[in-house]
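*Asks:* So that we are looking at the same thing, I have put the structure below in C-alpha coordinates.
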Amino acid sequence: MTRTSASVSGQAHGVPASTFGIVLGVGGLGGAWRGAHRVWSLPSVCGETLILTAGVLWTAFLLAYAMRWVFSREEALAEARHPVQCCFLGLVGVSASLIGLSVAPYSPSLGLILFGLGSGFTLSFALWRTGALWRGGRDHAATTPVLYLPLVAGAFVMSTAAATLGYAGGAQLAFGAGLFTWLAIESVLLHRLYTEDPLPLALRPLLGLQLAPPAVGAVAYLSASGAAPDFAARAMLGYALLQGLLLVRMLPWVMEQPFALSYWAFTFGATALANAALTMVERGDGGLVAHLAPYLFAAANITVGLIGAASLRLFARRVAASARGTPMSSRQT
(Lines of atoms letter the chains of each structure in order from A; the text may use other names.)
(Lines give C-alpha, C1' and ligand atoms only; values in the text may rest on other atoms or scores of the structure.)
Protein backbone atom coordinates (compact mmCIF):
# COMPACT_ATOMS: atom_id res chain seq x y z
CA MET A 1 0.00 0.00 0.00
CA THR A 2 1.02 3.60 -0.38
CA ARG A 3 0.85 6.14 2.40
CA THR A 4 -2.46 7.29 1.00
CA SER A 5 -3.97 3.85 1.14
CA ALA A 6 -2.80 3.45 4.68
CA SER A 7 -4.58 6.61 5.65
CA VAL A 8 -7.67 5.42 3.82
CA SER A 9 -7.69 2.11 5.61
CA GLY A 10 -6.85 3.37 9.09
CA GLN A 11 -8.32 0.93 11.56
CA ALA A 12 -10.67 -0.47 8.94
CA HIS A 13 -11.63 -4.10 8.69
CA GLY A 14 -10.30 -6.15 5.80
CA VAL A 15 -7.68 -5.15 3.25
CA PRO A 16 -7.51 -2.48 0.54
CA ALA A 17 -7.77 -3.45 -3.13
CA SER A 18 -4.06 -2.80 -3.68
CA THR A 19 -3.33 -5.98 -1.70
CA PHE A 20 -4.40 -8.03 -4.73
CA GLY A 21 -1.14 -6.95 -6.38
CA ILE A 22 0.55 -9.64 -4.29
CA VAL A 23 -1.54 -12.26 -6.11
CA LEU A 24 -0.31 -10.99 -9.48
CA GLY A 25 3.33 -11.27 -8.39
CA VAL A 26 3.08 -14.73 -6.83
CA GLY A 27 0.81 -16.09 -9.56
CA GLY A 28 2.98 -14.58 -12.27
CA LEU A 29 6.06 -16.25 -10.83
CA GLY A 30 4.16 -19.53 -10.73
CA GLY A 31 3.44 -19.13 -14.43
CA ALA A 32 7.12 -18.46 -15.10
CA TRP A 33 8.06 -21.66 -13.28
CA ARG A 34 5.54 -23.57 -15.39
CA GLY A 35 7.28 -22.20 -18.46
CA ALA A 36 10.69 -23.09 -17.04
CA HIS A 37 9.46 -26.64 -16.47
CA ARG A 38 8.42 -26.95 -20.11
CA VAL A 39 11.59 -25.35 -21.49
CA TRP A 40 14.31 -26.48 -19.08
CA SER A 41 12.61 -29.38 -17.26
CA LEU A 42 12.86 -27.63 -13.90
CA PRO A 43 10.76 -29.20 -11.11
CA SER A 44 7.06 -28.69 -11.78
CA VAL A 45 6.29 -28.68 -8.06
CA CYS A 46 7.79 -25.19 -7.71
CA GLY A 47 5.37 -23.62 -10.15
CA GLU A 48 2.36 -25.52 -8.86
CA THR A 49 3.18 -24.58 -5.26
CA LEU A 50 3.37 -20.91 -6.22
CA ILE A 51 0.09 -21.18 -8.13
CA LEU A 52 -1.55 -22.81 -5.10
CA THR A 53 -0.15 -20.09 -2.85
CA ALA A 54 -1.53 -17.41 -5.16
CA GLY A 55 -4.93 -19.11 -5.10
CA VAL A 56 -4.98 -19.27 -1.31
CA LEU A 57 -3.91 -15.62 -1.04
CA TRP A 58 -6.54 -14.55 -3.57
CA THR A 59 -9.28 -16.35 -1.65
CA ALA A 60 -8.17 -14.84 1.67
CA PHE A 61 -7.84 -11.34 0.22
CA LEU A 62 -11.22 -11.59 -1.49
CA LEU A 63 -12.91 -12.49 1.78
CA ALA A 64 -11.03 -9.74 3.62
CA TYR A 65 -11.89 -7.19 0.94
CA ALA A 66 -15.55 -8.19 1.16
CA MET A 67 -15.35 -7.62 4.93
CA ARG A 68 -14.09 -4.12 4.21
CA TRP A 69 -17.27 -3.31 2.31
CA VAL A 70 -19.49 -4.89 4.97
CA PHE A 71 -17.89 -3.56 8.16
CA SER A 72 -15.93 -0.50 6.97
CA ARG A 73 -18.03 0.75 4.10
CA GLU A 74 -16.95 4.39 4.45
CA GLU A 75 -13.29 3.45 4.12
CA ALA A 76 -14.05 1.26 1.10
CA LEU A 77 -16.00 4.07 -0.54
CA ALA A 78 -13.20 6.53 0.20
CA GLU A 79 -10.77 4.19 -1.54
CA ALA A 80 -13.08 3.86 -4.56
CA ARG A 81 -13.38 7.64 -4.83
CA HIS A 82 -9.69 8.40 -4.35
CA PRO A 83 -7.99 9.66 -7.55
CA VAL A 84 -5.05 7.24 -7.18
CA GLN A 85 -6.22 4.37 -4.99
CA CYS A 86 -9.42 3.83 -6.97
CA CYS A 87 -7.52 2.25 -9.87
CA PHE A 88 -6.40 -0.61 -7.63
CA LEU A 89 -10.00 -1.86 -7.60
CA GLY A 90 -9.29 -3.18 -11.08
CA LEU A 91 -6.91 -5.69 -9.51
CA VAL A 92 -9.87 -7.53 -8.00
CA GLY A 93 -11.01 -8.61 -11.45
CA VAL A 94 -7.54 -8.95 -12.97
CA SER A 95 -6.43 -11.30 -10.18
CA ALA A 96 -9.60 -13.39 -10.60
CA SER A 97 -8.85 -13.82 -14.32
CA LEU A 98 -5.25 -14.72 -13.53
CA ILE A 99 -6.33 -17.37 -11.03
CA GLY A 100 -8.81 -18.69 -13.60
CA LEU A 101 -5.99 -18.95 -16.12
CA SER A 102 -3.85 -20.80 -13.57
CA VAL A 103 -6.46 -23.38 -12.55
CA ALA A 104 -7.68 -24.05 -16.11
CA PRO A 105 -5.27 -27.00 -16.63
CA TYR A 106 -6.88 -28.73 -13.64
CA SER A 107 -10.48 -27.61 -14.07
CA PRO A 108 -11.41 -25.88 -17.34
CA SER A 109 -14.93 -25.20 -16.08
CA LEU A 110 -13.70 -23.49 -12.90
CA GLY A 111 -11.14 -21.57 -14.91
CA LEU A 112 -13.87 -20.38 -17.27
CA ILE A 113 -16.11 -19.29 -14.39
CA LEU A 114 -13.33 -17.29 -12.73
CA PHE A 115 -12.33 -15.82 -16.08
CA GLY A 116 -15.92 -14.77 -16.77
CA LEU A 117 -16.40 -13.19 -13.34
CA GLY A 118 -13.01 -11.50 -13.38
CA SER A 119 -13.39 -10.18 -16.91
CA GLY A 120 -16.89 -8.93 -16.22
CA PHE A 121 -15.77 -7.05 -13.13
CA THR A 122 -12.67 -5.68 -14.86
CA LEU A 123 -14.60 -4.39 -17.86
CA SER A 124 -17.40 -2.89 -15.76
CA PHE A 125 -15.01 -1.10 -13.43
CA ALA A 126 -12.77 0.07 -16.29
CA LEU A 127 -15.71 1.59 -18.15
CA TRP A 128 -16.97 3.31 -14.99
CA ARG A 129 -13.56 4.70 -14.08
CA THR A 130 -12.53 5.71 -17.60
CA GLY A 131 -15.86 7.44 -18.13
CA ALA A 132 -15.15 9.54 -15.04
CA LEU A 133 -11.67 10.41 -16.35
CA TRP A 134 -13.06 11.56 -19.69
CA ARG A 135 -15.06 14.25 -17.89
CA GLY A 136 -11.82 16.07 -17.11
CA GLY A 137 -10.79 18.10 -14.09
CA ARG A 138 -8.14 15.62 -12.95
CA ASP A 139 -5.16 16.91 -10.98
CA HIS A 140 -1.88 16.17 -12.80
CA ALA A 141 -0.35 15.06 -9.49
CA ALA A 142 -2.79 12.13 -9.41
CA THR A 143 -1.53 10.79 -12.75
CA THR A 144 0.54 7.72 -11.89
CA PRO A 145 1.17 4.28 -13.45
CA VAL A 146 -1.87 2.89 -11.60
CA LEU A 147 -3.88 4.23 -14.53
CA TYR A 148 -2.69 1.16 -16.45
CA LEU A 149 -4.46 -1.24 -14.12
CA PRO A 150 -8.16 -1.10 -15.01
CA LEU A 151 -7.97 -1.26 -18.82
CA VAL A 152 -4.43 -2.12 -19.90
CA ALA A 153 -3.57 -4.85 -17.38
CA GLY A 154 -7.17 -6.03 -17.42
CA ALA A 155 -7.36 -6.32 -21.21
CA PHE A 156 -3.98 -8.04 -21.58
CA VAL A 157 -4.75 -10.63 -18.88
CA MET A 158 -8.20 -11.14 -20.42
CA SER A 159 -6.51 -11.73 -23.79
CA THR A 160 -4.09 -14.30 -22.38
CA ALA A 161 -6.81 -16.13 -20.46
CA ALA A 162 -9.24 -16.10 -23.38
CA ALA A 163 -6.62 -17.58 -25.71
CA THR A 164 -5.76 -20.27 -23.17
CA LEU A 165 -9.43 -21.19 -22.80
CA GLY A 166 -9.88 -21.45 -26.56
CA TYR A 167 -11.48 -18.11 -27.41
CA ALA A 168 -8.99 -16.86 -30.00
CA GLY A 169 -11.27 -14.19 -31.45
CA GLY A 170 -12.00 -12.69 -28.06
CA ALA A 171 -8.31 -12.81 -27.18
CA GLN A 172 -7.43 -10.72 -30.22
CA LEU A 173 -10.14 -8.16 -29.46
CA ALA A 174 -8.97 -7.85 -25.85
CA PHE A 175 -5.36 -7.47 -26.99
CA GLY A 176 -6.30 -4.58 -29.27
CA ALA A 177 -8.18 -2.87 -26.45
CA GLY A 178 -5.19 -3.17 -24.14
CA LEU A 179 -2.58 -2.18 -26.72
CA PHE A 180 -4.08 1.11 -27.85
CA THR A 181 -5.16 2.10 -24.35
CA TRP A 182 -1.59 1.49 -23.15
CA LEU A 183 -0.13 3.75 -25.84
CA ALA A 184 -2.61 6.51 -25.05
CA ILE A 185 -2.12 6.39 -21.28
CA GLU A 186 1.67 6.16 -21.51
CA SER A 187 1.85 9.44 -23.42
CA VAL A 188 -0.16 11.18 -20.70
CA LEU A 189 1.89 9.59 -17.93
CA LEU A 190 5.27 10.46 -19.46
CA HIS A 191 4.14 14.06 -19.95
CA ARG A 192 3.33 14.21 -16.24
CA LEU A 193 6.67 12.67 -15.24
CA TYR A 194 8.63 15.00 -17.53
CA THR A 195 6.90 18.28 -16.74
CA GLU A 196 5.25 18.16 -13.30
CA ASP A 197 6.62 17.93 -9.77
CA PRO A 198 8.42 14.69 -8.80
CA LEU A 199 6.27 11.85 -7.51
CA PRO A 200 5.80 11.94 -3.72
CA LEU A 201 7.82 9.35 -1.81
CA ALA A 202 4.85 7.09 -1.14
CA LEU A 203 3.93 6.91 -4.84
CA ARG A 204 7.40 6.24 -6.23
CA PRO A 205 7.24 2.41 -5.95
CA LEU A 206 4.27 2.54 -8.32
CA LEU A 207 6.76 3.29 -11.10
CA GLY A 208 7.35 -0.46 -11.09
CA LEU A 209 4.10 -0.72 -13.04
CA GLN A 210 5.87 0.87 -16.03
CA LEU A 211 7.34 -2.55 -16.80
CA ALA A 212 3.98 -4.29 -16.89
CA PRO A 213 2.31 -3.07 -20.13
CA PRO A 214 5.01 -4.18 -22.61
CA ALA A 215 5.82 -7.38 -20.69
CA VAL A 216 2.23 -8.47 -20.05
CA GLY A 217 1.35 -7.27 -23.53
CA ALA A 218 4.03 -9.51 -25.04
CA VAL A 219 2.58 -12.51 -23.20
CA ALA A 220 -0.90 -11.57 -24.43
CA TYR A 221 0.31 -11.14 -28.01
CA LEU A 222 2.01 -14.52 -28.03
CA SER A 223 -1.10 -16.13 -26.54
CA ALA A 224 -3.57 -14.42 -28.87
CA SER A 225 -1.53 -15.02 -32.02
CA GLY A 226 -0.55 -18.59 -31.16
CA ALA A 227 2.31 -18.24 -33.62
CA ALA A 228 6.08 -18.41 -33.50
CA PRO A 229 7.87 -15.31 -32.14
CA ASP A 230 7.94 -12.56 -34.75
CA PHE A 231 9.03 -8.95 -35.11
CA ALA A 232 6.11 -7.61 -33.03
CA ALA A 233 6.77 -10.00 -30.14
CA ARG A 234 10.47 -9.11 -30.06
CA ALA A 235 9.67 -5.40 -30.32
CA MET A 236 7.41 -5.55 -27.26
CA LEU A 237 9.99 -7.60 -25.38
CA GLY A 238 12.65 -5.04 -26.31
CA TYR A 239 10.58 -2.17 -24.94
CA ALA A 240 9.95 -4.16 -21.76
CA LEU A 241 13.70 -4.67 -21.37
CA LEU A 242 14.23 -0.92 -21.76
CA GLN A 243 11.66 -0.20 -19.06
CA GLY A 244 13.34 -2.74 -16.79
CA LEU A 245 16.73 -1.08 -17.22
CA LEU A 246 15.20 2.34 -16.55
CA LEU A 247 13.66 1.03 -13.34
CA VAL A 248 17.02 -0.35 -12.21
CA ARG A 249 18.51 3.09 -12.84
CA MET A 250 15.67 4.70 -10.82
CA LEU A 251 15.84 2.31 -7.85
CA PRO A 252 17.94 4.55 -5.55
CA TRP A 253 15.40 7.35 -6.03
CA VAL A 254 12.42 5.03 -5.58
CA MET A 255 13.91 3.41 -2.48
CA GLU A 256 13.98 6.72 -0.63
CA GLN A 257 10.50 5.46 0.29
CA PRO A 258 10.90 2.80 3.02
CA PHE A 259 9.60 -0.62 2.10
CA ALA A 260 5.83 -0.87 1.78
CA LEU A 261 3.46 -3.25 0.05
CA SER A 262 3.40 -0.85 -2.91
CA TYR A 263 6.76 -2.37 -3.96
CA TRP A 264 4.78 -5.36 -5.25
CA ALA A 265 4.14 -3.11 -8.27
CA PHE A 266 7.53 -4.30 -9.56
CA THR A 267 6.60 -7.99 -9.55
CA PHE A 268 3.82 -8.12 -12.16
CA GLY A 269 6.04 -6.85 -14.96
CA ALA A 270 9.14 -8.73 -13.81
CA THR A 271 7.37 -12.09 -13.85
CA ALA A 272 5.60 -11.32 -17.14
CA LEU A 273 8.94 -10.44 -18.73
CA ALA A 274 10.29 -13.86 -17.77
CA ASN A 275 7.08 -15.50 -18.98
CA ALA A 276 7.29 -13.78 -22.36
CA ALA A 277 10.91 -14.79 -22.91
CA LEU A 278 10.23 -18.40 -21.89
CA THR A 279 7.24 -18.61 -24.22
CA MET A 280 9.36 -17.34 -27.10
CA VAL A 281 12.08 -19.90 -26.36
CA GLU A 282 9.46 -22.64 -26.09
CA ARG A 283 8.21 -21.69 -29.55
CA GLY A 284 11.61 -21.94 -31.15
CA ASP A 285 13.35 -18.60 -30.63
CA GLY A 286 16.99 -19.60 -30.37
CA GLY A 287 18.60 -16.18 -30.74
CA LEU A 288 19.33 -13.46 -28.22
CA VAL A 289 16.06 -14.11 -26.38
CA ALA A 290 17.19 -17.66 -25.58
CA HIS A 291 20.36 -16.26 -23.98
CA LEU A 292 18.41 -13.64 -22.01
CA ALA A 293 15.68 -15.98 -20.75
CA PRO A 294 17.68 -17.55 -17.86
CA TYR A 295 18.70 -14.13 -16.56
CA LEU A 296 15.16 -12.76 -16.81
CA PHE A 297 13.84 -15.84 -15.01
CA ALA A 298 16.43 -15.40 -12.26
CA ALA A 299 15.60 -11.68 -11.99
CA ALA A 300 11.90 -12.48 -11.58
CA ASN A 301 12.66 -14.94 -8.78
CA ILE A 302 14.96 -12.49 -7.02
CA THR A 303 12.43 -9.66 -7.33
CA VAL A 304 9.52 -11.64 -5.92
CA GLY A 305 11.73 -13.34 -3.32
CA LEU A 306 13.14 -10.09 -1.92
CA ILE A 307 9.80 -8.29 -1.90
CA GLY A 308 8.07 -11.33 -0.42
CA ALA A 309 10.65 -11.61 2.37
CA ALA A 310 10.40 -7.89 3.11
CA SER A 311 6.60 -8.20 3.21
CA LEU A 312 6.82 -10.99 5.78
CA ARG A 313 9.15 -8.86 7.92
CA LEU A 314 6.73 -5.95 7.63
CA PHE A 315 3.85 -8.20 8.66
CA ALA A 316 5.84 -9.45 11.66
CA ARG A 317 6.57 -5.86 12.73
CA ARG A 318 2.89 -4.99 12.41
CA VAL A 319 1.91 -7.93 14.59
CA ALA A 320 4.52 -6.97 17.18
CA ALA A 321 3.46 -3.32 17.10
CA SER A 322 -0.19 -4.33 17.49
CA ALA A 323 0.66 -6.51 20.47
CA ARG A 324 2.44 -3.56 22.10
CA GLY A 325 -0.30 -1.14 21.12
CA THR A 326 2.22 0.96 19.18
CA PRO A 327 1.09 2.34 15.80
CA MET A 328 3.51 1.98 12.89
CA SER A 329 4.65 4.89 10.76
CA SER A 330 2.43 5.47 7.73
CA ARG A 331 5.56 5.46 5.55
CA GLN A 332 6.04 1.78 6.34
CA THR A 333 2.52 0.51 5.59
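Using the three backbone atoms N, Cα and C, a Cβ is placed for every residue, glycine included.
Straight out of TrEMBL:
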- 12-30: transmembrane segment (TRANSMEM)
- 50-71: transmembrane segment (TRANSMEM)
- 83-104: transmembrane segment (TRANSMEM)
- 110-134: transmembrane segment (TRANSMEM)
- 146-167: transmembrane segment (TRANSMEM)
- 231-248: transmembrane segment (TRANSMEM)
- 260-281: transmembrane segment (TRANSMEM)
- 293-315: transmembrane segment (TRANSMEM)
*Asks:* If I count Cβ-Cβ pairs under 8 A between the transmembrane segment (231-248) and each of 50-71, 83-104, 146-167, 260-281, 293-315, which range comes out on top?
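*Replies:* It is 260-281 that shares the most Cβ pairs under 8 Å with the transmembrane segment (231-248).
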*Asks:* List, by number or range, the same-chain residues at least 6 past the transmembrane segment (260-281) whose CB is under 8 A from its CB atoms?
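*Replies:* Result: 1-3, 5, 18-19, 21-22, 24-26, 28-29, 31-32, 35-36, 38-39, 145, 153, 202-203, 205-216, 218-219, 222-223, 229, 233-234, 236-237, 240-241, 243-244, 247, 289-290, 292-293, 296-297, 299-300, 303-304, 307, 310-311, 314, 331-333.
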*Asks:* At a C-beta cut-off of under 8 Å, are there same-chain residues at least 6 beyond the transmembrane segment (50-71) that contact it? List them, or none.
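*Replies:* Residues 12-17, 19-20, 22-23, 26-27, 29-31, 33-34, 92, 95-96, 98-99, 102-103.
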